[in-house]
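Read through the structure below, which is laid out as structure tokens, and then see the notes.
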Amino acid sequence: MSIAIVQARHIFGLKSKVSGNICYHDEQTIVYPAGSNCILYNIDQKSQKFIPGTDKSEGMTALAVSPNRRYMAIAEKADKPTVTIYDLHSLRKKKVLSSNDIQSGEYISLAFSPDSKYLVTQGGKPDWTLLYWTWEKSKVMALVKASNPQYPNSEVYQVSFNPQDNTQLCAVGNTVFRYFRYSEGNLKPFNFQKIDPQNYLCHAWLSEDRIIVGTDNGHLMLFEAGEIKQEYNLVPSGDKQTVDNQLETFIHVTAIVAHSKGFACSFGMGTVYLYEKTDDRELYKKTREICIPPDPWNGQDPNLSLQQIFNCLVISPSEETLVASTEQGQLYYLTLSSADISRGDQANFEILSQTFHTAPITGLDVCIRKPLIATCSTDHAVMIWNYETCNLELYKVFAEEAYSVALHPSGLYILVGFSDKLRLMNLLIDDIRTFKEFTVRSCRECAFSNGGHLFASVMGNVIQLYSTTTFDNVNNLKGHNGKVRAVVWSADDSKLISCGMDGAVYEWDTFTGKRLSESVWKTCSYSSVTVTPDGKSTFAVGSDRTIKEIADSQILREVPAGEMILSAVAMSHSGRMLFAGTVKGTVWSMKYPLAVPGDWTEHQGHGASIVKMKITYDDQYLVTIGDDASIILWKIQDKEGRGLKRDKEIGYAEEILITKSDLEEKNSTVADLNSRVEELKMENEYQLRLKDMTYNEKMKELTEKFIQEMESLKTKNQVLKTDKDREEAKHDEDMADLMETHTDELQDLESASNQKLMLEYEKFQEQQTKTLKIQEDYEKQLTEMEEGKEKALERLTAYYETKLHDMRTKLEQSSDEAQQQTREYEETKKQIEEDGDREILDIKHHFERKLREEKEANLRLKGETGIMRKKFTTLQKEIDDHKEEIKKLQAETSKLNNVIRSLEKDIKSLKKEIQERDDTIQDKEKRIYDLKKKNQELEKFKFVLDYKIKELKKQIEPREMDIKNMKEQIQEMESELERFHKQNSQLELNITELRQKLKATDKEFHQERQKVRDVEATVRRFKTDLHNCVGYIQDPKMLKESIKALYQKHVQEDITESASVDADIQKEFSRQKEHLERSVANLRKKLEKDSEIHKADNVRIMQENVSLIKEINDLRRELKLCRVLIHDMESAMGLDSRSRKTGAIVRLPPKPLGPLVEKEIEEQKKIIEMQQLELKRLRDEIYDLELTIGRPTGHLPSMLA
């Protein structure tokens, strides 16, 4: 007995309804929530680390990472909300913050201070309390209500710190835009705005005193020191009608993020604008527009992905990438460096990891032969995942919702249940295509057998079994009174186990369709079932908060799950591990075998109810899906480390399906591209040669020009040097003259300035005497003013002293009056007290009588209360019992309501079916009426025909005798046929021998023909070489070398012939030698003159060669077409391609260029003509071969060898 080890390996999904749901930990790692976990995703390695949520929380509501990238704060919803601080390096919990000062059950926004020492948390409704924490001490420093006091319905969406100041905060929301400063233990508002309040959705700090705010009407407001500096209208300008239409759609600014160059903001559906700083008055200018790309896998509406709203934007620490999350739970990114390169154009986001499901997932299945998982969701998408590489292999969006999904064990086919039909589809390399449809409506459950030869589909309360080879309906399993919720095949496919909402678990024989065993528990609505590998016992979970072990139609064990409802159950293929999923989204690893009371370990996983769970065939992974649109891949292991041993040599299947047409298209495109590459190589090589020649000529021209310019510049430089010497001499003379004049002017100016100074000094002395006189006058005036003030003070004191004397007399009079009033008050008080004492005595006597009566009544009531207490205790027990029953009934009613809703849907669909069937029944009744009439007529005919049959039987008897005789003759004919067959087989053997002889003779014939062709080819080569030698008849040295080369090439070494040279030949040779020596001297002179002329001719020849190469390429294309035609003719004639033998490839040797003379140019023209004639001759040979033999003899001779 042991509990299996469970660890989360990978989570596919994103929780969108979390404030700040993307944060950067470092340049390669982002943090985002999924299910009830927080994921640290490494973008480069594509690996995940997990921070699980706390046990009693109701889900995450906000995230924040500190500016030093070391700590992370996670806010979780509960009756008393908490904020947990984690260390991102060790992934350990540092602090848990909770406060009694908040009335709300959640925090909607978090923010760390710039030095990461303080944390601010914004509470939700109804009080919208803002708390300022020193999180390391878990202490609240200050709190304030952040909502707008003038507007009772105001809401707060986001709060943040000033990036340069720990004490300054900003909060925005609906009619809320407030600055707060922390001082003396309080958060005090400041910088009150004078504008009309709006619905502010988001904000970001651009600097210490600048903040940018986005509104719900498509406006960006730039505030500086609390005053609006600039306002940007993101709604495109145009007619009022177009603007109104856009307002009706969506024009909110939902997210803003700042960086060093400016900021990025999301506007409307699927668009982000980049703004950068400018030196103009506008301060910031829009530079880029980034959109979500259309979805190529969505065949129905690729632009549906554009209709997403961004929730959060974040920029990496190095400001190289922008990551965005949407309300549909998708992650996108953009490299800002590429955005800067293509500035001004519209850019597109890229998917960060994979495309996730955007709605609750309804179907799940795992493949046996491939590491594949199939899921379907209410977002109309079917996705195929690889659990080895943790990648999305394939997905497709359909026009309607997919209810269920099942993978064939081979991984090549998939079953998908829709509202109208059940479709069997091929899993192609890049598509999911339907090839068979079954009339199974609203199929909520389907499953392939382990062998793949059968599959089960559920329609309401009926299970239908189909064959995957013939597609016939093999069996219909009827017995459930409610909807069937789960179907499981046994390991050997001999049994099928089903459970339903009617509280029944049935075991069926798949061959006979009979029910083998049954277990009905009507108070429980089952949701999932699993079976052990030996098929002896099944485990089922449902609404009664228990897990049941059923065997032989009896419940062996019933393990209670406390207050938790279990929604799914799965058993490993080894039969040693059992897992259960809960409505809360947690996974339970059960202690197996089961014992009462049960023992399990709980693991945090999904953020909503687990819908289904499956274990892979090798027992390595557990896959769970939930209503939170996430898929979690768990690594599982037995405590003892045991599991199914998979053969490593076999591994997983790598085969994929591809249609023949797609494969042929790809092969043809590859072939075309290869041929195109070869042609381009040839053309490029030739063009490079031409360019080299032209560039060499240009280089020569440029060097000559450069030398000429250098010489001209040298001469200019010498001229400039002489001019410089002259100018220097002139400059020295001018400077000497200027110095003399300057000294004279200086002396004159000094004398003039001295005279001015003397005059100014005299004026200064006069001014000093005047100031002394003025000071004496002012002192006299001050003394006079002081004397006047003293006299005025004396007058005022005398006046106020008389007033004080009058006031004192009045006070004495008022005090006497007060004393008289107090005396009167005391007398009245005495009289009132005496009256009161009398009344009190009367009341006392009266109430004493009443007290006696009450005591007597109290004694009677005590006896009655004792009796009533006993009744009360009994009634309290009954009330508690009734409350428990009410709770159970409420749970049952909620389930029944769900059942009623599903049944109402079924009723609607069934009503439609009933209407259709009524119409068909009416048509059939009409047909039955017509058929009854026909039947009456046919009965009449039957009576007549019976009489005729009797007469015919009498005539048949003699004919039966003839048939017997004919059968005997047929047997004799069959024996003769056997003899003929034996003779035919002997003749066929003789024919095969003759054909083999024919093939041998045909081979000899082809060999002889090949020899003839080789001889002809050598003769042609010898002729061309001789022709080249004749070209050197004027140059004896070249002639000699060419003849030697010709000898070495064509004469074999082993053949030695003694050739005697004739004397006449020697004389002729010497005479020609003398003649040639004379002509060489003349030709050398001509060479120098003609070399310049022949440069232009060479270029022209090269151009002609280009045209010839083009002709050759055209001929090659024609040859390819001819080969195709020959192949078609051979296939039509029935010839075997193996018996065909291709001819030799005749390659002409290259023509070496001779000396650059006129004769050589004429010879080259002749060679070109010969080549053209050779091409024509080869075409004629190909045409003759097509007519005579019907197969190609060889390739065209290469002109570029």
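For all residues, glycine too, the Cβ spot is worked out from N, Cα and C.
Mean pLDDT for the coiled coil (663-730) in the predicted structure: 89. The feature coiled coil is assigned by TrEMBL to 663-730 (among others).
Under the heading coiled coil, TrEMBL lists 872-1011 (among others).
According to TrEMBL, the feature coiled coil maps to 1066-1118 (among others).
Among the features that TrEMBL reports, coiled coil is placed at 1161-1188 (among others).
Taken from TrEMBL, the feature compositional bias 'Basic and acidic residues' applies to 823-837. The helix, strand and coil residue counts that DSSP assigns across the compositional bias 'Basic and acidic residues' (823-837) are 15 helix, 0 strand, 0 coil.
Annotation source TrEMBL lists domain 'EML-like second beta-propeller' at 362-636.
Under the heading region 'Disordered', TrEMBL lists 809-837. Away from its own ends, the region 'Disordered' (809-837) comes close to no residue of its chain (no Cβ-Cβ distance under 8 Å at least six residues beyond either end).
Annotation comment: TrEMBL describes 477-518 (among others) as repeat 'WD'. Same-chain residues lying 6+ beyond the ends of the repeat 'WD' (477-518) with a Cβ under 8 Å from its Cβ atoms: 444-451, 453-454, 456, 458, 460-465, 524-531, 533-535, 538, 540, 542, 550, 552-553, 573, 899, 902-903, 906.
Annotation comment: TrEMBL describes 603-637 (among others) as repeat 'WD'. If you look at the repeat 'WD' (603-637), the same-chain residues 6 or more away from its ends with a CB under 8 A from one of its CBs are 4-15, 34-37, 52-53, 55, 59-60, 329, 356-368, 371, 373, 375, 377, 379, 385, 387, 390, 528, 567-574, 577, 579, 581-589, 643-644, 646.
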### Task
Write out how many residues of the repeat 'WD' (477-518) are helix, how many strand and how many coil, based on DSSP.
0 helix, 24 strand, 18 coil
### Message
Per DSSP, what is the helix/strand/coil residue tally across the repeat 'WD' (603-637)?
### Response
0 helix, 20 strand, 15 coil
